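To start, the structure under review is shown below, and the notes come after it.
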Amino acid sequence: MAPAATAAAPRLLRAAMLFLLLVAAGRRAAGAPVVNELRCQCLQTLQGIHLKNIQSVKVTTPGPHCDQTEVIASLKTGQEVCLNPTAPMVKKIIDKMLNKASAN
């Protein structure tokens, strides 16, 4: 009986190691941050915000992840807000931020 038990031990050990490896890989995949999500980031947009509250503006063009142009403003408070890219006030904000960036 001892020889059969010792023959099964390596198979059992390999199966246990494989199971632990799969569990660890699954947890890493579930907890890993997604760099570029395959959806639009802006579900709601603001028509405008005061320029003095904005630290930077990021414009994302349409692509496979989202069919809309997205304007995301980073505020001085650390928050991010989505702005309506077709709103007149937002267009002025983008122009001012671009002019500010090109002047520096």
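Positions of Cβ are set from backbone N, Cα and C atoms, glycine also.
Remember, it's a predicted structure, so these values are computed and weren't measured experimentally.
The signal peptide annotation in Swiss-Prot covers 1-30, and the record cites sequence analysis as its basis.
Here Swiss-Prot flags CYS40-CYS66 (among others) as disulfide bond, drawing on similarity to another entry. The Cβ of CYS40 (disulfide bond) has HIS65, CYS66, ASP67, GLN68, GLU70 as same-chain neighbours under 8 Å, each 6 or more residues away in sequence.
Here Swiss-Prot flags CYS42-CYS82 (among others) as disulfide bond, drawing on similarity to another entry. Around CYS82 (disulfide bond), the same-chain residues six or more apart in sequence whose CB sits under 8 Å from its CB are GLN41, CYS42, LEU43, GLN44, THR45, LEU46, GLU70, VAL71, ILE72, ALA73, listed in sequence order.
Counting every protein chain shown, the Cβ of CYS42 (disulfide bond) has 19 other Cβ atoms within 10 Å.
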